[in-house]
């Protein structure tokens, strides 16, 4: 029997996920979208109805809204595919909600590579973990850190590091930009110990993320370069396709981790 899928947020990422249907094992049942992009095609409902009527809910929202959605989905005992990994860092109470729920949260790899190796390393020992993220300046528009520090992105003419700190600090500073860093922290040694560098590069044609993770028996270096999504330069389409891959993985008899 097909599972009913609901999508919360049908913007740049959510619209790509929606277009992947029909999909083996699933039917797109409803969306929850304040912009009403799919009105007349798919029912548009609130979070509560989405969680109640659907088996799997796909989140494509800002981190603050993702937290509210997660609480509702978990209270219904359903499965949430959470692309806003920052929500788990910014709102640690979600981890408690997961433990008490008969449902669960799946965090896709998003716009990052190498998480599979990091998960394996964690079973032995991870000593250091770091991510270096670089984007064109426009990708940081309206980030809390940019506004707080009064940084004029138009004045950036050469590649420059605009932030250095741990994942917890980065999640508060750039909640729409560092979901990849949050994912690395969750897969590895946590947000307090995972270090982040954020670079603005006016010559960059892509959003790049490089991880350097040192363990007892391995060192992982992995770099991915993603073309910024034209509809949302803070993200990339790879994040949406990782959601689609996560959905398909749930139904596959042969699973590669």
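Glycine residues also receive a Cβ, built from the backbone N, Cα and C atoms like all the rest.
Curation does not apply to TrEMBL; its annotations are automatic.
Annotation source TrEMBL lists NAD(+) binding site at 111, 179. As annotated by TrEMBL, domain 'Aspartate dehydrogenase' applies to 157-244. If you look up TrEMBL, you'll see 209 marked as active site.
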DSSP state at residue 111 (NAD(+) binding site), helix/strand/coil: coil
Candidates 179, 209: member of the recorded positions with the richest Cβ shell (10 Å): 179
Residues in the domain 'Aspartate dehydrogenase' (157-244) grouped by DSSP into helix, strand and remaining coil: 24 helix, 38 strand, 26 coil
Averaged pLDDT, computed only over the residues in the domain 'Aspartate dehydrogenase' (157-244): 96
